[in-house]
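The following features are taken from Swiss-Prot:
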BINDING   Arg70, Thr71, Arg120, His149, Gln152, Gly278, Pro279  carbamoyl phosphate binding site
BINDING   Lys98, Arg182, Arg237  L-aspartate binding site
Amino acid sequence: MKKDLISNHIQLDDSGKLIHLLGLEGLSKQYLIHILDTADSLIDVSGNLKKSKALDDIFVANLFFEPSTRTRNTFEIAAMRSSANVINVDLANSALKKNEDLLNTMRTLKAMQIDMFVIRHKQNGLPHHVVQHLKDVSILNAGDGINAHPTQALLDMLSIRQHKKTFENLSVAIVGDITHSRVAHSDIQALKTLGTTDIRLIAPKVLQYNLAPCSVVKHFDDIEPGLKNCDVVIVLRLQKERMIEADIPNEQEYFDNFGLTPKRLALAKPDAIVMHPGPTNRGVEIDSNVADGNQSIILQQVTNGIAVRMAVMQILVNKS
């Protein structure tokens, strides 16, 4: 899918209402805050998730063409907590194995009165392609190639907002395989939209993200100056499955140079928070003492992922 064809304008209707969630580019600061506020309203004062009847009589189909534990399960739980009916399509035994076209499979499922599809696929822009050919059903992007992962970015923003007063004055470091990370790409977009003016991308040069010149984004190929006095550290794993073999770093060498250790974390502000979208590879991109430490909010991110996905689903069907 050509990058210039991956446009998010098709996720809004003529009145500006969100009818699909394909990516965060093109959504206003006010709309992102609306999603975060809706997610917050689904968490009680004790930090527990509420249940809702908002998706009663709605049928949601999960189509995950890439391996997933956290994302698929949190989407399923989010739908169930909103009283939706959920099916996880068994792709290994579906008609796709008989060379049926994906769109034909989805049209067949839609004929079974599916209201919403949650799609994860290795191809950049696949959810956008589906939206252009499948009408009167909501499409929710659960990650497409290295392009975007909008709900992960939203849950990251919710997690940050729960610990920091404002986005505008934050210094946020993103450490790891930025080139192949759809999470990084969506996090950068969300942070820029919410007003963050100091975003630091820390990675070996071969794993950096070739952004257009931007005053709020700085690149570092040395972790220590990149972490200095930052408020938030988002750690990413090495996505070996998306790399050519020649670019895959030696794990021990990578940890020695870019792993987040307690000593390196001490360079950040004392109240800095540590985040990771999972799965974590301890001893590669993050030390266990950091992942399990007092500054880590990794498990809180998982809970917030359910709240955010509940919120998005409810907004898409206009029942938030």
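A Cβ is built for glycine as well, from the same backbone N, Cα and C atoms used for every other residue.
Because the structure is a prediction, the values reported are computed rather than measured.
Arg182 (L-aspartate binding site) and Thr71 (carbamoyl phosphate binding site) are 13 Å apart (CA-CA, integer value). Gln152 (carbamoyl phosphate binding site) sits 15 Å from Arg237 (L-aspartate binding site), counting Cα to Cα. Between the CA atoms of Arg120 (carbamoyl phosphate binding site) and Arg182 (L-aspartate binding site) there is a gap of 12 Å, rounded to the nearest whole number. Comparing Arg70 (carbamoyl phosphate binding site) with Arg237 (L-aspartate binding site), their Cα atoms are 15 Å apart once rounded.
On the backbone, the CA of Arg237 (L-aspartate binding site) and the CA of Pro279 (carbamoyl phosphate binding site) stand 7 Å apart. The binding-site residues under consideration are Thr71, Gln152. Their Cβ neighbour counts within 10 Å are lowest for Thr71. Listed in sequence order, the residues of the same chain lying 6 or more apart from Arg182 (L-aspartate binding site) and placing their CB within less than 8 Å of its CB are Gly143, Asp144, Gly145, Ile146, Asn147, Ala148, His149, Gln152.
Around the Cβ of His149 (carbamoyl phosphate binding site), a 10 Å sphere holds 27 further Cβ atoms from the protein chains shown. Note on the binding-site residues Arg120, Arg237: the fewest other CB atoms within 10 A surround the CB of Arg237. Taking each Cβ in turn and tallying the other Cβ atoms within 10 Å, the top scorer among the binding-site residues Gly278, Pro279 is Gly278.
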